[in-house]
Each structure stands twice: as structure tokens, then as C-alpha cells.
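Visitor: I'd like to ask some things about the structure below.
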Amino acid sequence: MNEFFRDDIFNRPQNVVDFRFDERTAAVFPDMIHRSIPAYASLLHMLGVIAGTYVQEGDHIYDLGCSLGGATLSLSRFIPKTAHITAVDSSPAMVQRFRAYVEGAALHHIEVLEADIIHLPLKSSRVIVMNFVLQFIPPPARDALIAKIYQALTEGGILLLAEKTQPEDDLLRTWHEAFKASQGYSALAIAQKREALENVMKIETETAERVRLQAAGFRRVLPYFQGMMFKAWVAIK
């Protein structure tokens, strides 16, 4: 994939603006996400493992909000070679980088689209993945998006959903900041990134996430990952 760098976006004092998934973010995103989400590599591995127990020959899969394709590439390791993945993101910088990688690696079973998932028509799919994306969707649009995903899934299909949630205890927030500090982020960088995300990332409680999934019609919602406030569920149609 294109060259990546260590995340130092918020290292220096600055007039903080709203967080954007632009080229500056895309250039450091792999480093940023692994240093920000505890056990992120384990989450990617497990979603691939779980999807592999569902996906059959010729099935279709979506990775909605794919960024640089971490989930897509994990899926590819565990699904049949005849399955097809459509990876979607609204960030031109993310799409350009991931599409260049897919084409360079001749991964013909992966299609990379630049689109707004709120408005994108979804075709029938066995598995849909959405990792840390719903939290960036305007809250009034979330119910309709989950309902659309439910309708697109085949009977018995699954949504693999991961989100940062409101902490049940303030200790979790303290521990998460300690984790980021252990990854080399300064107190200034942590504070400035928090400020940048304040208006664009609206997190909810785990209960709210579950209620939305159940209201859409999912018959079972099972947890499969937790790293402090970062949680993931399998929602089964």
C-alpha cells in the first residue's frame, strides 16, 4: 500500500478544527488506529474468522466505511475465493489509497467504491461489516441505515458492527487515555484530538446500539470483542 507515516497530527499546539478523513489523516491512519483502539489487530482477525463461518462460494460482502481496507483484507483471508467484497468509503483520500493497493495486488474479488453509505443502495449480501462508522453518521440517520442493512442481508446473514461506546464508568476513560499515552501520544495530542472529534463523533451507550439492532429486526445480537469502550457485536438476521 502507499507509504504511511507515524501519526503526529496533534503533537503540536494548533487551532483545532473538526476531524476530517482527508489525505493528512489517510497518510497516518494505520498507525493512528492501532495506537488508539486497544487490541485493534485482534478485532480485525476475529471479524475475519467469524465471517468465514458464514460466507459461502459466490456470496457478496460489504465493508461499509472501509477506510484503508483493514477489515476487507482480513475478510479476504477467511472467505472462499469466489466470494466478492464491495468496500465503500466517502473519503476520496482513503478510497484512492485502498483502490491503488487493490489494483496493484490484483485482488480482483474486491471492488472499492467512493460513496456515501447513507444514500448507497445495497444489494443482497451474506455479511456486512461496519467498523467504527456509525458513530460518525448523523444520529437521525442511524436507524434508517441499520434498517437498510437489515433488508439487504440474506436470511441468516450477519452484520458485524463495531463502535466506541459511552463508558459505563469513568475509569474506562482514564484507562483508555493511559493506553494512548503508553502508545506514545502526549497529553497535548490526546486533548487536541478529543477536541477535534467532539463535533463529528457522537458515541452512544451499548444499550442504545442493541436497541437499534433489535428494532431493525435482528433476532440475535452477540458480543465478540471489547477493548475498553470499543465493542463489537454480531447481529444475526
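Along the chain as shown, residues are numbered 1 onward.
Every residue, even glycine, has its Cβ placed from backbone N, Cα and C.
Annotations per Swiss-Prot:
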BINDING   TYR40, GLY65, CYS66, SER67, ASP116, ILE117, ASN131, ARG194  S-adenosyl-L-methionine binding site
Visitor: Taking the Cβ of TYR40 (S-adenosyl-L-methionine binding site) as the centre, count every other Cβ atom within 10 Å, in any protein chain shown.
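Guide: Taking all protein chains shown, TYR40 (S-adenosyl-L-methionine binding site) has 20 Cβ neighbours within 10 Å.
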Visitor: Among TYR40, GLY65, CYS66, SER67, ASP116, ILE117, ASN131, ARG194, which the record lists as binding S-adenosyl-L-methionine, how far apart in Å are the two most distant Cα atoms?
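Guide: Those residues reach a largest Cα separation of 25 Å.
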Visitor: Look at each of the binding-site residues, CYS66, ILE117, and point out the one with the fewest other Cβ atoms around it within 10 Å.
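Guide: Sparsest of the binding-site residues CYS66, ILE117 by Cβ contacts within 10 Å: ILE117.
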Visitor: Using DSSP reduced to three states, classify ARG194 (S-adenosyl-L-methionine binding site) as helix, strand or coil.
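Guide: DSSP assigns ARG194 (S-adenosyl-L-methionine binding site) to helix.
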Visitor: What is the Cβ neighbour count of ASN131 (S-adenosyl-L-methionine binding site) at a 10 Å cut-off, with all protein chains included?
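Guide: ASN131 (S-adenosyl-L-methionine binding site) is surrounded by 24 other Cβ atoms within 10 Å.
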Visitor: Three-state secondary structure of TYR40 (S-adenosyl-L-methionine binding site) from DSSP?
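Guide: Assignment for TYR40 (S-adenosyl-L-methionine binding site) reads helix.
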